[in-house]
Amino acid sequence: MEFEFDVHKIFLEPITKLDNNLIPPRRPLISSSEAQKQIMTVIDEIGKASAKAQRLPASITSASRMQANKHHLYILKDCTPKTAGRGAVIGFLKVGYKKLFILDQKGSHIEAEPLCILDFYIHESLQRHGFGKELFSFMLRNEQVDVQHLAIDRPSEKFLSFLRKHFNLWSTIPQVNNFVVFEGFFRDRKASVKKTPAKRTEGEIKPYSLTDRDFLKQEEGLPWPLSQAQINLNRASSLGSSPTRACSRPPPGEEDFVKSLRNCRPHSLQRAASSEQEDHSQRRRTSEMNLSRGLLAQKNGYSRYLSPPPPLLTQGPYAAAQIKEQQSRTDSSAQEGRTQDRPNGSNSQHQNDLISSKQHVQDLHMELAAGRTMSDLKEGQNATKSPWCDHPSYTVLGTVLNAAWVKKKQELRSTRPW
(Lines of atoms letter the chains of each structure in order from A and count residues from 1; the text may use other names and numbers.)
(Lines give C-alpha, C1' and ligand atoms only; values in the text may rest on other atoms or scores of the structure.)
Protein backbone atom coordinates (compact mmCIF):
# COMPACT_ATOMS: atom_id res chain seq x y z
CA MET A 1 0.00 0.00 0.00
CA GLU A 2 1.65 3.19 -1.22
CA PHE A 3 1.21 6.75 0.06
CA GLU A 4 1.92 10.25 -1.21
CA PHE A 5 4.68 10.75 1.35
CA ASP A 6 7.87 8.80 1.93
CA VAL A 7 7.21 5.93 4.35
CA HIS A 8 10.94 5.33 4.93
CA LYS A 9 11.27 8.69 6.69
CA ILE A 10 8.75 7.81 9.39
CA PHE A 11 9.40 4.05 9.69
CA LEU A 12 13.15 3.56 9.79
CA GLU A 13 12.99 -0.22 10.46
CA PRO A 14 11.35 -3.03 8.47
CA ILE A 15 8.90 -3.72 11.32
CA THR A 16 7.95 -0.80 13.55
CA LYS A 17 6.15 -1.19 16.89
CA LEU A 18 3.75 1.57 17.95
CA ASP A 19 1.83 2.07 21.19
CA ASN A 20 -0.93 4.51 22.15
CA ASN A 21 1.50 7.44 21.85
CA LEU A 22 2.01 6.69 18.13
CA ILE A 23 5.73 7.43 18.41
CA PRO A 24 8.16 4.99 16.71
CA PRO A 25 11.20 3.74 18.66
CA ARG A 26 13.60 5.50 16.30
CA ARG A 27 13.10 9.18 15.70
CA PRO A 28 11.76 9.99 12.21
CA LEU A 29 13.76 12.06 9.77
CA ILE A 30 11.11 14.75 9.62
CA SER A 31 9.55 17.02 12.23
CA SER A 32 7.58 15.44 15.01
CA SER A 33 4.27 17.09 14.12
CA GLU A 34 4.57 16.12 10.47
CA ALA A 35 5.61 12.57 11.35
CA GLN A 36 2.67 12.26 13.77
CA LYS A 37 0.25 13.34 11.07
CA GLN A 38 1.66 10.89 8.51
CA ILE A 39 1.62 7.99 10.99
CA MET A 40 -2.06 8.62 11.76
CA THR A 41 -2.81 8.65 8.05
CA VAL A 42 -1.07 5.30 7.54
CA ILE A 43 -2.96 3.68 10.44
CA ASP A 44 -6.35 4.91 9.21
CA GLU A 45 -5.74 3.69 5.65
CA ILE A 46 -4.50 0.21 6.55
CA GLY A 47 -7.41 -0.13 9.02
CA LYS A 48 -9.92 0.61 6.26
CA ALA A 49 -8.22 -1.91 3.97
CA SER A 50 -8.40 -4.60 6.67
CA ALA A 51 -12.11 -3.96 7.32
CA LYS A 52 -12.82 -4.17 3.60
CA ALA A 53 -10.93 -7.45 3.26
CA GLN A 54 -12.81 -8.97 6.22
CA ARG A 55 -16.14 -7.52 5.07
CA LEU A 56 -16.70 -5.58 8.28
CA PRO A 57 -19.15 -2.67 8.39
CA ALA A 58 -16.56 -0.40 10.09
CA SER A 59 -12.84 -0.46 10.63
CA ILE A 60 -11.65 -1.78 13.99
CA THR A 61 -8.19 -0.24 13.66
CA SER A 62 -7.74 3.52 13.57
CA ALA A 63 -5.48 6.18 15.04
CA SER A 64 -8.14 7.33 17.50
CA ARG A 65 -8.70 3.77 18.76
CA MET A 66 -4.97 3.29 19.18
CA GLN A 67 -4.70 6.43 21.28
CA ALA A 68 -7.64 5.40 23.47
CA ASN A 69 -6.42 1.85 24.23
CA LYS A 70 -3.19 0.27 25.37
CA HIS A 71 -2.65 -1.79 22.25
CA HIS A 72 0.49 -2.54 20.25
CA LEU A 73 0.61 -2.15 16.49
CA TYR A 74 3.29 -3.84 14.37
CA ILE A 75 3.65 -2.29 10.90
CA LEU A 76 5.60 -4.09 8.15
CA LYS A 77 6.96 -2.00 5.28
CA ASP A 78 8.30 -3.07 1.88
CA CYS A 79 12.09 -2.72 1.63
CA THR A 80 12.57 -4.04 -1.91
CA PRO A 81 14.43 -1.84 -4.45
CA LYS A 82 11.34 -1.29 -6.56
CA THR A 83 9.75 0.71 -3.74
CA ALA A 84 12.91 2.54 -2.78
CA GLY A 85 11.46 5.87 -3.86
CA ARG A 86 8.60 6.39 -1.36
CA GLY A 87 8.22 2.97 0.14
CA ALA A 88 5.03 0.99 0.85
CA VAL A 89 3.27 -0.70 3.74
CA ILE A 90 2.70 -4.44 3.39
CA GLY A 91 0.55 -5.15 6.42
CA PHE A 92 0.11 -4.81 10.17
CA LEU A 93 -0.69 -6.84 13.29
CA LYS A 94 -2.53 -5.40 16.32
CA VAL A 95 -2.36 -7.12 19.72
CA GLY A 96 -3.39 -6.26 23.28
CA TYR A 97 -4.13 -7.78 26.68
CA LYS A 98 -7.77 -8.36 27.62
CA LYS A 99 -9.46 -9.84 30.66
CA LEU A 100 -11.53 -12.83 29.56
CA PHE A 101 -13.58 -15.65 31.07
CA ILE A 102 -12.50 -18.77 29.23
CA LEU A 103 -13.89 -22.30 29.36
CA ASP A 104 -11.45 -25.15 29.84
CA GLN A 105 -11.84 -28.73 28.62
CA LYS A 106 -14.08 -29.54 31.63
CA GLY A 107 -16.39 -26.59 31.05
CA SER A 108 -15.21 -24.56 34.05
CA HIS A 109 -14.95 -20.80 33.78
CA ILE A 110 -11.44 -19.47 34.25
CA GLU A 111 -10.60 -15.79 34.52
CA ALA A 112 -7.47 -14.94 32.52
CA GLU A 113 -5.83 -11.96 30.83
CA PRO A 114 -4.08 -13.38 27.77
CA LEU A 115 -2.48 -11.57 24.85
CA CYS A 116 -5.11 -11.33 22.13
CA ILE A 117 -4.78 -11.00 18.36
CA LEU A 118 -7.16 -8.13 17.57
CA ASP A 119 -6.47 -7.43 13.88
CA PHE A 120 -4.20 -8.92 11.23
CA TYR A 121 -3.88 -7.83 7.62
CA ILE A 122 -1.52 -8.42 4.69
CA HIS A 123 -2.11 -6.70 1.38
CA GLU A 124 -3.81 -8.96 -1.16
CA SER A 125 -1.07 -8.57 -3.78
CA LEU A 126 1.64 -9.67 -1.31
CA GLN A 127 -0.04 -12.63 0.37
CA ARG A 128 1.58 -16.10 0.27
CA HIS A 129 5.03 -14.55 0.12
CA GLY A 130 6.03 -15.21 3.74
CA PHE A 131 5.38 -11.66 4.99
CA GLY A 132 2.63 -12.79 7.33
CA LYS A 133 4.81 -15.40 9.02
CA GLU A 134 7.65 -12.90 9.32
CA LEU A 135 5.40 -10.33 11.00
CA PHE A 136 3.76 -12.88 13.29
CA SER A 137 7.07 -14.40 14.41
CA PHE A 138 8.50 -10.96 15.16
CA MET A 139 5.53 -10.20 17.38
CA LEU A 140 5.93 -13.48 19.31
CA ARG A 141 9.59 -12.75 19.97
CA ASN A 142 8.95 -9.17 21.01
CA GLU A 143 6.05 -10.01 23.34
CA GLN A 144 7.80 -13.16 24.62
CA VAL A 145 4.72 -15.35 24.37
CA ASP A 146 4.00 -18.79 22.91
CA VAL A 147 1.56 -19.07 20.05
CA GLN A 148 -0.72 -21.57 21.86
CA HIS A 149 -1.23 -19.05 24.68
CA LEU A 150 -2.81 -16.51 22.36
CA ALA A 151 -6.52 -15.73 22.15
CA ILE A 152 -7.76 -14.66 18.73
CA ASP A 153 -10.71 -12.32 18.27
CA ARG A 154 -13.08 -13.56 15.53
CA PRO A 155 -10.47 -15.08 13.22
CA SER A 156 -11.31 -15.57 9.57
CA GLU A 157 -10.95 -18.90 7.82
CA LYS A 158 -7.78 -17.67 6.09
CA PHE A 159 -6.23 -16.80 9.42
CA LEU A 160 -7.09 -20.21 10.90
CA SER A 161 -5.55 -21.97 7.92
CA PHE A 162 -2.48 -19.73 8.31
CA LEU A 163 -2.09 -20.87 11.94
CA ARG A 164 -2.55 -24.53 11.03
CA LYS A 165 0.02 -24.30 8.24
CA HIS A 166 2.80 -22.38 10.01
CA PHE A 167 2.23 -23.10 13.74
CA ASN A 168 0.44 -26.46 13.73
CA LEU A 169 -2.60 -25.23 15.70
CA TRP A 170 -5.50 -27.53 14.89
CA SER A 171 -7.76 -28.30 17.86
CA THR A 172 -9.69 -25.45 19.47
CA ILE A 173 -11.61 -25.23 22.75
CA PRO A 174 -15.21 -24.07 22.26
CA GLN A 175 -16.01 -20.75 23.91
CA VAL A 176 -19.15 -18.76 24.55
CA ASN A 177 -17.57 -15.50 23.35
CA ASN A 178 -16.00 -14.48 20.04
CA PHE A 179 -12.48 -15.48 21.02
CA VAL A 180 -10.80 -18.68 19.88
CA VAL A 181 -8.24 -20.55 21.99
CA PHE A 182 -6.34 -23.70 21.10
CA GLU A 183 -5.45 -26.77 23.09
CA GLY A 184 -2.42 -26.10 25.18
CA PHE A 185 -3.73 -22.68 26.20
CA PHE A 186 -3.71 -23.70 29.89
CA ARG A 187 -0.36 -25.56 29.74
CA ASP A 188 2.85 -23.92 30.93
CA ARG A 189 1.30 -20.48 31.19
CA LYS A 190 3.50 -17.77 32.67
CA ALA A 191 0.56 -15.50 33.33
CA SER A 192 -1.50 -16.45 36.35
CA VAL A 193 -5.04 -17.67 35.83
CA LYS A 194 -7.78 -17.66 38.44
CA LYS A 195 -10.76 -19.95 38.66
CA THR A 196 -14.05 -18.23 39.36
CA PRO A 197 -16.19 -19.71 42.19
CA ALA A 198 -18.97 -22.02 41.17
CA LYS A 199 -22.48 -20.64 41.00
CA ARG A 200 -24.55 -21.03 44.12
CA THR A 201 -27.79 -22.90 43.99
CA GLU A 202 -31.06 -21.05 44.37
CA GLY A 203 -31.52 -22.37 47.90
CA GLU A 204 -28.39 -20.63 49.13
CA ILE A 205 -29.47 -17.19 47.94
CA LYS A 206 -30.79 -15.16 50.85
CA PRO A 207 -32.59 -11.82 50.80
CA TYR A 208 -30.09 -10.13 53.09
CA SER A 209 -26.43 -9.39 52.72
CA LEU A 210 -23.82 -10.78 55.11
CA THR A 211 -23.96 -7.63 57.21
CA ASP A 212 -27.72 -7.84 57.55
CA ARG A 213 -27.58 -11.51 58.50
CA ASP A 214 -25.02 -10.78 61.21
CA PHE A 215 -27.23 -8.02 62.48
CA LEU A 216 -30.24 -10.33 62.65
CA LYS A 217 -28.28 -12.91 64.65
CA GLN A 218 -27.85 -10.35 67.42
CA GLU A 219 -31.61 -9.83 67.78
CA GLU A 220 -32.16 -12.28 70.59
CA GLY A 221 -34.78 -10.33 72.56
CA LEU A 222 -37.98 -8.62 71.56
CA PRO A 223 -37.56 -5.35 69.64
CA TRP A 224 -38.40 -2.01 71.16
CA PRO A 225 -41.03 -0.96 72.30
CA LEU A 226 -42.03 -4.46 73.44
CA SER A 227 -38.89 -4.92 75.48
CA GLN A 228 -38.68 -2.97 78.74
CA ALA A 229 -34.90 -3.01 79.01
CA GLN A 230 -33.46 0.15 80.53
CA ILE A 231 -30.86 2.06 78.49
CA ASN A 232 -28.19 4.03 80.30
CA LEU A 233 -27.59 7.33 78.57
CA ASN A 234 -24.14 8.91 78.87
CA ARG A 235 -25.43 12.25 77.70
CA ALA A 236 -27.37 12.91 80.90
CA SER A 237 -24.24 12.63 83.02
CA SER A 238 -22.26 14.92 80.73
CA LEU A 239 -24.89 17.67 80.73
CA GLY A 240 -25.12 17.92 84.50
CA SER A 241 -27.10 16.55 87.42
CA SER A 242 -30.54 16.80 85.90
CA PRO A 243 -33.20 14.92 87.89
CA THR A 244 -34.89 11.97 86.27
CA ARG A 245 -38.28 10.51 87.04
CA ALA A 246 -38.43 6.92 88.13
CA CYS A 247 -41.71 6.30 86.36
CA SER A 248 -40.65 7.74 82.99
CA ARG A 249 -39.39 5.45 80.25
CA PRO A 250 -35.91 6.13 78.83
CA PRO A 251 -35.82 7.39 75.24
CA PRO A 252 -35.18 4.73 72.61
CA GLY A 253 -31.68 4.24 71.29
CA GLU A 254 -30.60 4.08 67.69
CA GLU A 255 -30.23 0.31 67.69
CA ASP A 256 -33.70 -0.19 69.16
CA PHE A 257 -35.16 2.13 66.56
CA VAL A 258 -33.55 0.19 63.68
CA LYS A 259 -34.70 -3.13 65.15
CA SER A 260 -38.26 -1.93 65.52
CA LEU A 261 -38.47 -1.03 61.85
CA ARG A 262 -38.54 -4.74 60.99
CA ASN A 263 -41.47 -5.58 63.27
CA CYS A 264 -43.58 -2.46 63.75
CA ARG A 265 -46.04 -0.99 61.34
CA PRO A 266 -45.74 2.62 60.18
CA HIS A 267 -46.29 5.24 62.91
CA SER A 268 -46.48 2.54 65.60
CA LEU A 269 -43.20 3.69 67.14
CA GLN A 270 -44.46 7.23 67.52
CA ARG A 271 -47.76 6.10 69.00
CA ALA A 272 -46.06 3.72 71.41
CA ALA A 273 -43.51 6.31 72.52
CA SER A 274 -46.08 9.01 73.33
CA SER A 275 -49.12 6.90 74.31
CA GLU A 276 -48.49 7.08 78.05
CA GLN A 277 -47.91 10.83 78.14
CA GLU A 278 -50.84 11.52 75.82
CA ASP A 279 -53.26 9.44 77.93
CA HIS A 280 -52.18 11.13 81.16
CA SER A 281 -52.29 14.63 79.71
CA GLN A 282 -55.63 13.95 77.98
CA ARG A 283 -57.25 12.74 81.18
CA ARG A 284 -55.92 15.70 83.14
CA ARG A 285 -56.91 18.19 80.45
CA THR A 286 -60.41 16.73 80.09
CA SER A 287 -61.14 16.66 83.81
CA GLU A 288 -59.84 20.17 84.40
CA MET A 289 -61.70 21.52 81.39
CA ASN A 290 -65.00 19.96 82.43
CA LEU A 291 -64.62 21.26 85.99
CA SER A 292 -63.78 24.78 84.84
CA ARG A 293 -66.69 24.83 82.40
CA GLY A 294 -69.09 23.65 85.10
CA LEU A 295 -67.95 26.32 87.56
CA LEU A 296 -68.19 29.00 84.88
CA ALA A 297 -71.73 27.93 83.97
CA GLN A 298 -72.74 27.93 87.63
CA LYS A 299 -71.26 31.39 88.16
CA ASN A 300 -72.86 33.00 85.10
CA GLY A 301 -76.16 31.15 85.37
CA TYR A 302 -75.98 30.05 81.76
CA SER A 303 -79.32 29.38 80.07
CA ARG A 304 -80.65 29.11 76.56
CA TYR A 305 -83.39 31.68 77.26
CA LEU A 306 -81.05 34.72 77.28
CA SER A 307 -82.02 35.79 80.81
CA PRO A 308 -79.59 38.02 82.71
CA PRO A 309 -77.34 36.12 85.11
CA PRO A 310 -78.39 36.07 88.75
CA PRO A 311 -76.07 37.86 91.18
CA LEU A 312 -73.90 35.91 93.53
CA LEU A 313 -75.12 35.37 97.04
CA THR A 314 -71.88 36.33 98.71
CA GLN A 315 -71.22 39.87 97.47
CA GLY A 316 -71.12 41.91 100.68
CA PRO A 317 -73.41 44.53 102.24
CA TYR A 318 -73.30 46.91 99.29
CA ALA A 319 -74.54 44.24 96.93
CA ALA A 320 -77.31 43.31 99.39
CA ALA A 321 -78.57 46.91 99.39
CA GLN A 322 -78.68 46.96 95.61
CA ILE A 323 -80.54 43.67 95.56
CA LYS A 324 -83.22 45.02 97.94
CA GLU A 325 -83.64 48.20 95.89
CA GLN A 326 -83.97 46.20 92.65
CA GLN A 327 -86.47 43.88 94.32
CA SER A 328 -88.66 46.78 95.46
CA ARG A 329 -88.65 48.32 91.97
CA THR A 330 -89.58 45.03 90.37
CA ASP A 331 -92.43 44.41 92.81
CA SER A 332 -93.89 47.88 92.32
CA SER A 333 -93.75 47.66 88.52
CA ALA A 334 -95.25 44.21 88.51
CA GLN A 335 -98.03 45.30 90.86
CA GLU A 336 -98.93 48.28 88.68
CA GLY A 337 -99.03 46.16 85.54
CA ARG A 338 -101.27 43.60 87.16
CA THR A 339 -103.73 46.17 88.47
CA GLN A 340 -104.07 47.87 85.10
CA ASP A 341 -104.27 44.86 82.75
CA ARG A 342 -105.93 42.14 84.84
CA PRO A 343 -109.04 42.00 87.01
CA ASN A 344 -108.64 41.69 90.78
CA GLY A 345 -109.95 38.16 90.89
CA SER A 346 -107.39 36.75 88.55
CA ASN A 347 -104.45 38.70 90.00
CA SER A 348 -104.42 36.74 93.21
CA GLN A 349 -104.43 33.42 91.39
CA HIS A 350 -101.61 34.44 89.04
CA GLN A 351 -99.68 35.83 91.94
CA ASN A 352 -99.86 32.56 93.82
CA ASP A 353 -98.63 30.62 90.77
CA LEU A 354 -95.87 33.09 90.22
CA ILE A 355 -94.69 32.90 93.81
CA SER A 356 -94.47 29.11 93.66
CA SER A 357 -92.46 29.22 90.42
CA LYS A 358 -90.19 31.89 91.85
CA GLN A 359 -89.52 29.75 94.88
CA HIS A 360 -88.60 26.77 92.68
CA VAL A 361 -86.23 28.80 90.50
CA GLN A 362 -84.64 30.34 93.58
CA ASP A 363 -83.79 26.93 95.00
CA LEU A 364 -82.19 25.83 91.75
CA HIS A 365 -80.08 29.00 91.48
CA MET A 366 -78.93 28.61 95.04
CA GLU A 367 -77.77 25.03 94.47
CA LEU A 368 -75.85 25.75 91.26
CA ALA A 369 -74.26 29.12 92.10
CA ALA A 370 -72.55 28.36 95.38
CA GLY A 371 -72.24 24.56 95.20
CA ARG A 372 -73.23 24.22 98.79
CA THR A 373 -75.15 21.56 100.62
CA MET A 374 -78.86 21.78 101.25
CA SER A 375 -78.39 22.95 104.82
CA ASP A 376 -76.08 25.81 103.80
CA LEU A 377 -78.47 26.86 101.07
CA LYS A 378 -81.37 27.15 103.55
CA GLU A 379 -79.32 29.29 105.95
CA GLY A 380 -78.20 31.60 103.09
CA GLN A 381 -81.82 31.90 101.91
CA ASN A 382 -83.02 33.06 105.33
CA ALA A 383 -80.16 35.53 105.72
CA THR A 384 -80.23 37.20 102.29
CA LYS A 385 -83.14 37.16 99.90
CA SER A 386 -82.43 37.69 96.23
CA PRO A 387 -84.60 40.06 94.19
CA TRP A 388 -84.77 37.35 91.59
CA CYS A 389 -87.14 35.42 93.81
CA ASP A 390 -90.01 37.88 93.17
CA HIS A 391 -89.13 38.44 89.53
CA PRO A 392 -90.31 35.92 86.91
CA SER A 393 -87.39 34.32 85.11
CA TYR A 394 -87.13 32.67 81.76
CA THR A 395 -84.47 30.27 82.98
CA VAL A 396 -85.81 26.77 83.39
CA LEU A 397 -83.35 24.48 85.14
CA GLY A 398 -83.68 21.02 86.56
CA THR A 399 -87.18 19.76 85.73
CA VAL A 400 -88.98 20.03 82.39
CA LEU A 401 -92.14 22.25 82.54
CA ASN A 402 -95.06 22.17 80.14
CA ALA A 403 -95.82 24.74 77.46
CA ALA A 404 -98.92 26.06 79.23
CA TRP A 405 -96.90 27.21 82.22
CA VAL A 406 -94.39 29.00 80.01
CA LYS A 407 -97.19 30.73 78.08
CA LYS A 408 -98.84 31.87 81.28
CA LYS A 409 -95.60 33.29 82.60
CA GLN A 410 -95.01 35.19 79.35
CA GLU A 411 -98.44 36.76 79.56
CA LEU A 412 -97.64 38.02 83.05
CA ARG A 413 -94.43 39.66 81.89
CA SER A 414 -96.08 41.23 78.83
CA THR A 415 -92.85 40.66 76.90
CA ARG A 416 -92.37 37.98 74.27
CA PRO A 417 -88.88 37.25 72.90
CA TRP A 418 -90.36 35.47 69.82
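Cβ from N, Cα, C; glycine included.
Annotated features, as they stand in Swiss-Prot:
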BINDING   120-133, 156-165  acetyl-CoA binding site
COMPBIAS  277-287  compositional bias 'Basic and acidic residues'
COMPBIAS  329-353  compositional bias 'Polar residues'
DOMAIN    1-186  domain 'N-acetyltransferase'
REGION    237-292  region 'Disordered'
REGION    322-353  region 'Disordered'
SITE      GLN54  site 'Crucial for catalytic activity'
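This view paints the features noted in Swiss-Prot onto the structure.
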residue: GLN54; record: site 'Crucial for catalytic activity'; Cβ contacts under 8 Å, 6 or more apart: SER156
residue: PHE120; record: acetyl-CoA binding site; Cβ contacts under 8 Å, 6 or more apart: SER50, GLY91, PHE92, LEU93, LYS94, GLY132, PHE136, PHE159
residue: HIS123; record: acetyl-CoA binding site; Cβ contacts under 8 Å, 6 or more apart: MET1, ALA49, VAL89, ILE90, GLY91
residue: LEU126; record: acetyl-CoA binding site; Cβ contacts under 8 Å, 6 or more apart: ASP78, ILE90, GLY91
residue: HIS129; record: acetyl-CoA binding site; Cβ contacts under 8 Å, 6 or more apart: none
residue: GLU157; record: acetyl-CoA binding site; Cβ contacts under 8 Å, 6 or more apart: none
residue: LEU160; record: acetyl-CoA binding site; Cβ contacts under 8 Å, 6 or more apart: VAL180
residue: LEU163; record: acetyl-CoA binding site; Cβ contacts under 8 Å, 6 or more apart: VAL147, ILE152, PRO155, LEU169, PHE182
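GLU157 (acetyl-CoA binding site) carries a helical DSSP state (H, G or I). Around GLY132 (acetyl-CoA binding site), taking its Cβ as the centre, 22 other Cβ atoms fall within 10 Å, counting all chains. The secondary structure of PHE120 (acetyl-CoA binding site), as reduced to three states from DSSP, is extended strand.
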